[in-house]
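Undergrad: Okay, these came from Swiss-Prot:
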- 1-31: signal peptide (SIGNAL)
- CYS41-CYS67: disulfide bond (DISULFID)
- CYS43-CYS83: disulfide bond (DISULFID)
- SER57: phosphoserine (MOD_RES)
- LYS92, LYS93, ILE94, ILE95, LYS96, LYS97, LEU98: heparin binding site (BINDING)
Amino acid sequence: MSSAAGFCASRPGLLFLGLLLLPLVVAFASAEAEEDGDLQCLCVKTTSQVRPRHITSLEVIKAGPHCPTAQLIATLKNGRKICLDLQAPLYKKIIKKLLES
């Protein structure tokens, strides 16, 4: 028997306590990650095929440690959120007008 197995066998209460605390530690780590924000790009796929009249709001997420490129997320009238292509001429024009106002 290995020393770790022998230790666990001789301390079942400690093993039980460790198993009880494990979900708490995982939950705490997950909550901390959510607090810091997701460290990944939200927009994996973008589109330039959305008409402006279908958009109710726009959200721009700047490039940073979470993602190397800026992201433009549109909320549509049906509630769906999609990522728009920042390089599309139409969206560049919209962003320019938003920044000017």
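The backbone N, Cα and C atoms fix where each Cβ goes, and this holds for glycine too.
Help me understand the surroundings of these features in the structure.
TA: Counting only same-chain residues at least 6 apart in sequence, those with a Cβ under 8 Å from the Cβ of CYS67 (disulfide bond) are GLN40, CYS41, LEU42, CYS43, ILE61.
Within 10 Å of the C-beta of CYS83 (disulfide bond) there are 18 other C-beta atoms, taking all protein chains into account. When secondary structure is read from DSSP and collapsed to three states, CYS83 (disulfide bond) falls in the strand class.
Of all the Cβ atoms in the protein chains shown, 9 others lie within 10 Å of the Cβ of SER57 (phosphoserine).
With a cut-off of 8 Å between CB atoms and residues at least 6 apart in sequence, the same chain places nothing near LYS97 (heparin binding site). Mapped onto three states, the DSSP output places LYS97 (heparin binding site) in helix.
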Undergrad: Can you check what DSSP calls CYS43 (disulfide bond), collapsed to helix, strand or coil?
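TA: Coil, per DSSP.
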Undergrad: Can you tell me whether DSSP puts LYS92 (heparin binding site) in helix, strand or coil?
TA: helix
